[in-house]
């Protein structure tokens, strides 16, 4: 049995076959029209965007139209274009009051300059190609806008940690964005996972507002149940927004802190001014007593002093500070601080006390005056007394050399080396910066002490006349001795560097035989007596150079004398030129011997020794004489 519609289908089959034959017989028949339109276009607000609509295939004539789908579902026509030959004739129909208006370019693409949030619509491109048919495609335009800087408005009031429910913390605003941003909250940099449902521990509420510009603003308010640990916590919020191509951005607000109210649990009371580890302060210093409770806001502090078990209130303030300027020993005692916090638990100790101990050191007193004069080889005891707190330690020194500890200084068998300045120093071991000193000068009276530099003889062990020598004498004593020499020329007495109390004088002279016999002395004298030292030189030899000159002079004189005698003798024997023998009156005739010759074996020696005197005698008797 055939179905009821079988005859109808049988009748329609020849028609379909005929249509296929006709289409095959006309090769110029056009194919169905298709469009290339991007389904989603994203753009930042204020930027220009182009919506492309391109028919596929070859069509000599077609009409392209752009429609806008509004919120009511209506599709007003914005623009159209008709292809005639190779050119596209553009006609704008309804710009919808947009500024700048919609435009079509030469390719039939819809151009939106300066995209706005109101441009977020579905845009429909329709192409009618006659026999090829009609095609349409929809492009969705999304416009993105980066929101303004995130703002946060914290709660400026004082929030109590004793509340059992969540309290408003802050409100965060992200304005003029598109699409609407998302707000998150952070504490100390960590994200807070709070629900949107109201509960005692914490939650947040949100409200979105569309501005006149079409942009969206989001407001989020955070509610939390606070703890004491939140007193130092840092809070902030962040707005997360979307960008084209699936990108995202984030804008963080400034951080803020909350003012919390929580009761005092602990109280501290201490000396804020410099003090020693043992807790002492110096008399005259400025002392600060500091009291702090850990409650918030800061409660009122009462500072007092305990005297005879009674509180004497000294100050009351919200800072917890008490300043004592120029503190004296009389201000030593017990001081206290009390925190006036009526929200504190009953078992919390709100009062604290401390002991203020003022260290002092009075000037030192010596049993002797500033100058102590004692005779040589005597003894003495000097006492140093002091009053201070804590108990001072005493120490004696001289020239930075420790002499002993304690108040008494014992001096025995005093010598001139004992002269000098003695210092008594008092110090407080527990207060290192507090100390005092007192000193006296010891003057030792006595007979001068004299020292002489020994004479160093020459290498051969003896002195010679004319040698130069420098003699030095040193002395000390009190009153200061006077140095003098047995000869003139001594230098003035001058202090010896590095030898306290000593003075010296020098004398430079030449050694003589008189010094060898008498010596030379230096003498030191003061009102207590004098001391004398004599320098001896021993044997002094003549100078070597003077003895040689004397011997040579004697030798030359003797030699000259012998030479004169020899010359005279020669001239007498042989007769020298210019000499003649003359017969004088009464002389014997020639050829007779002289009487003097007959009686002498050596007439030459006789005549020579007689000289002119004997010749003169004979002349009177008529003898001979020589003349030259």
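Every residue, even glycine, has its Cβ placed from backbone N, Cα and C.
Where the annotation comes from TrEMBL, it is an automatic prediction and has not been curated.
Checked against TrEMBL, the range among 525-576, 577-628 recorded as region 'Disordered' is 577-628. Most Cβ pairs under 8 Å to the domain 'Ig-like' (147-257), among the stretches 274-355, 363-441, 448-541, belong to 274-355.
DSSP labels the residues of the domain 'Ig-like' (147-257) in these numbers: 8 helix, 59 strand, 44 coil.
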